Amino acid sequence: MQVPRLKLLMGSGAMFVFAIIYGWVIFPKILKFMISKQVTLKPGTDVRELWSNTPFPLHFYIYVFNVTNPDEVSEGAKPRLQEVGPFVFDEWKDKYDLEDDVVEDTVSFNMRNTFIFNPKETLPLTGEEEIILPHPIMQPGGISVQREKAAMMELVSKGLSIVFPDAKAFLKAKFMDLFFRGINVDCSSEEFSAKALCTVFYTGEVKQAKQVNQTHFLFSFMGQANHSDAGRFTVCRGVKNNKKLGKVVKFADETEQDIWPDGECNTFMGTDSTVFAPGLKKEDGLWAFTPDLCRSLGAYYQHKSSYHGMPSMRYTLDMGDIRADEKLHCFCEDPEDLDTCPPKGTMNLAACVGGPLMASMPHFYLADPKLIADVDGLNPNEKDHAVYIDFELMSGTPFQAAKRLQFNLDMEPVEGIEPMKNLPKLIMPMFWVEEGVHLNKTYTNLVKYTLFLGLKINSVLRWSLITFSLVGLMFSAYLFYHKSDSLDITSILKENNKVDDVTSTKEPLPPTNPKQSTTVHPVQVPNTLIPGTNPATNPATHLKMEHRERY
């Protein structure tokens, strides 16, 4: 029976081509198509439900820089800072008043963040610790008036002395009062200067202040924003074009901002940071619009990583160097004058929040070294202060992330306000926050068993097919190689069979008498084609064998 060499060759070749095309072309396209149909913000989908009401809290950490030498700093000395924290909160995110536009393939919603103190995770801290910070109303207010409304300085200075009697440049208060419960602002005075100062509270210009009665307000960094509207977004649903999933097209019902000098900086780029499109390329980066900064920030690919045994991509970001990057000059006060640009690694938030605040990475990580040298107590490092995201590109899933941001006061002396006239000019760290998420196995298993299991099966299948096809190709090549020698091999086999037949037909020799001497003569065998079997040339055939009887 002959082996079908041609069929084996063709079958193995076809298997090899199929493994390549299916494993690297067809299957990935099928998988991407299935993901694109599932990962949308269409009502009724699992992704829509998870996106609109996150079923687990994010971890929110607050670290405060306690000023240990406030009196010396008030006289121009170098600040000494002590980091206190973390104060831990559970941050719940939800979206309400959702409105779909099927024609535009968008959904509009209001974002709401709710912070709940986690005393167990905060231990040994309690939140009742007293912290010394730059006065959160006097210093920003005095600096803003000096820069923008210097003619009103005398009126403001008198009003501050009435609303905050005996106030100093630095305020000592409990952490929870500073950040959530609020510090008291007394606007009960009938003095004209006090009433003029309190106007900004009554009109709502001070967004961090909450009115508790007709004459009193409570000011806190985050209390007013807790469980309140964080802005109305309009984003793409990704039904018609999956690549636009989550893309911000409007914020506060505007298609672009009107904050920065140049239009490019006012453009919305990326998502609302709670959802990303699947199938991104690593060089695309991860872009998100951040209302707190009135700016879109992009994270860039750093290196490969893994999370719970699943491969992912590590992304990171920083504030960049606005002065050195021409594309970022629109974040300068005057894009034509680079001297108005903030230092490397910082961003001026005055146009965004209306006060002399600067944003940076914690501890001025990746910022101008001079900023670190201006104060004592900072120790920037990548592990604790870098922003990172471990992201799975195909499904668009962030496995874990840490968004870190530091808020600083752009401090300077104010001649018209007595407690502030000798302050040093520097960028003063106040506090920094970290918003983190680490998906547990309940959610990572959804990706693991729907995506990575399919990828693993495809990998095993395609490499198995390639292995079998290569074995088949090698075996068929072996058969074709020996095809030219088949005649010689057949002849040899036939002659071997002839020799066996001749040997089997010989008559047996008569038994020898042990008492007689016997001479054995060789039998003449016809010459064969097998070399070495010709008796005429074999010396063994001339040997004479004798048996003698022993007595």
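Using the three backbone atoms N, Cα and C, a Cβ is placed for every residue, glycine included.
Since the structure is predicted, the reported quantities are computational estimates derived from the model, not experimental observations.
Of the listed cysteines (Cys341, Cys352), only Cys341 is recorded by Swiss-Prot as the disulfide partner of Cys332. Only one of Cys198, Cys236, Cys352 is recorded by Swiss-Prot as the disulfide partner of Cys294: Cys352. Taking the Cα atom of each, Cys330 (disulfide bond) and Cys341 (disulfide bond) are about 9 angstrom apart. In this structure, Cys330 is the one among the disulfide-bonded residues Cys330, Cys332, Cys341, Cys352 with the smallest number of other Cβ atoms inside 10 Å of its Cβ.
A separation of roughly 34 Å, to the nearest angstrom, links the Cα atoms of Asn66 (N-linked glycosylation site) and Asn440 (N-linked glycosylation site). Per-residue pLDDT, averaged along the topological domain 'Cytoplasmic' (481-551), amounts to 46 for this model. In sequence order, Gln257, Ile259, Arg295, Leu328, Cys330, Phe331 constitute the residues six or more apart from Cys265 (disulfide bond) in its chain with CB-CB distances below 8 Å. Comparing local CB density within 10 A for the glycosylation sites Asn66, Asn213, Asn226, Asn440, the maximum falls on Asn66. The CA atom of Cys332 (disulfide bond) is located 42 Å away from the CA atom of Asn440 (N-linked glycosylation site). Using Asn213 (N-linked glycosylation site) as the reference Cα, a 10 A cut-off selects none from the recorded positions Asn226, Cys294, Cys341, Cys352, Asn440.
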